[in-house]
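Presented below is the structure to which this report refers.
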Amino acid sequence: RNHTLMTDFVLSGFCKHPELEHLLLFMFCLIYTMTIIGNLLIFVVTVHPTLRMPMYFFLRTLSFLDVSTASIVIPKMLVNFLSENRNISYMGCATQLYCVIFLGATECYILAAMAYDRYVAICNPLRYAIIMNSRVCHCLVLLSCCSGNVVSVVQTAWVFTLPFCGPKKINYFFCDIPPLIMLSCTDTSLYEKQITAATALVIFTPFCLILVSYACIISSILKISSAESRRKTFSTCSSHLTVVALYYASGTFVYLRPKSGNWGDTKKVLALIYTTVIPTLNPLIYSLRNKEVKGVLIKIIAQ
């Protein structure tokens with residue numbers, strides 16, 4: 001009976017710190033610019049004929065997902081810094097939620113596919129070209145996108161069938177599951193269990209596959225007699241492990257217990273990690289630690 005027909009929401013963002021708004025505006029403008037430039041460079045470099053390998057195909061896909069995620073979240077955040085009207089329409093909120101979940105879930109699966117690619121390259125080098133052929137790579141990306149779409153459709157539909165009683169202010173900087181269910185006036189315990197199950201499917205399952213892949217990789221590396229060869233082999237995996245650790249850890253803390261505690265600055269910072277920071281860091285991590293990428297980039301600049 002207390003159900004309120006919501007036509008829009010208000011994204012409060014970082015309104016608790018108005019004195020920092022100009023600094024945050026500058027910082028996120030810089031982050032978004034770096035994200036666009038860095039990921040475009042990765043895309044341009046990895047289409048070079050000398051880098052036509054599965055590893056770089058997955059890296060291009062990752063760059064596309066990162067640019068898309070940042071573009072869904074940051075521009076709206078920048079507009080809210082410049083305007084006192086921080087409303088987002090009901091359909092706009094649903095669309096943003098769908099896109100963020102779809103891109104995030106797809107990236108989780110792509111990171112697992114990249115780990116499998118490294119496993120085949122290191123543990124089965126002679127059969128690498130046969131196992132990781134073009135058809136397999138495209139199927140892995142398509143499967144990741146389809147899985148991400150299914151998860152996103154189910155989660156978005158479930159959230160927006162909940163009755164919202166107000167207030168319509170979302171204590172967040174974009175539309176996401178945890179702050180939205182805080183606005184519901186019904187018992188969400190069943191939905192919270194469903195989110196936990198979805199988190200296990202989207203985060204823990206691919207993470208376990210990554211752990212198994214790297215357990216096999218480490219076992220193979222330890223069998224290499226040359227210390228220099230071991231170092232070079234492990235360096236090709238360390239970049240991916242860095243991204244995995246940041247991405248999965250921040251996502252787990254946000255979604256595993258969506259309605260626990262108050263939605264303060266801590267969880268906003270965790271959400272910032274996987275929506276804005278990681279898309280900016282990925283080009284730096286994968287380019288600065290990869291001699292092939294740096295070599296091609298130097299050639300392109302020198303032309």
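Placed from the backbone N, Cα and C atoms, the Cβ positions cover glycine too.
All TrEMBL annotations are machine predictions without curation.
Note that the coordinates shown come from a computational prediction; the quantities given were computed from them, not determined experimentally.
Straight from TrEMBL, the features:
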type: TRANSMEM; residues: 23-45; note: transmembrane segment
type: DOMAIN; residues: 38-286; note: domain 'G-protein coupled receptors family 1 profile'
type: TRANSMEM; residues: 57-75; note: transmembrane segment
type: TRANSMEM; residues: 95-116; note: transmembrane segment
type: TRANSMEM; residues: 136-160; note: transmembrane segment
type: TRANSMEM; residues: 197-222; note: transmembrane segment
type: TRANSMEM; residues: 234-257; note: transmembrane segment
type: TRANSMEM; residues: 269-288; note: transmembrane segment
Could you tell me what the rest of the chain brings near the transmembrane segment (197-222), counting residues at least six beyond its ends with Cβ under 8 Å?
104-105, 108-109, 111-112, 115-116, 118-119, 122-123, 151, 154-155, 230, 233-234, 237, 241, 244, 248, 251-252, 255-256
Count the CB pairs under 8 A between the transmembrane segment (136-160) and each of 23-45, 57-75, 95-116, 234-257, 269-288, then give me the winner.
95-116
I'm checking region-level scores; what's the whole-number mean pLDDT for the domain 'G-protein coupled receptors family 1 profile' (38-286)?
86
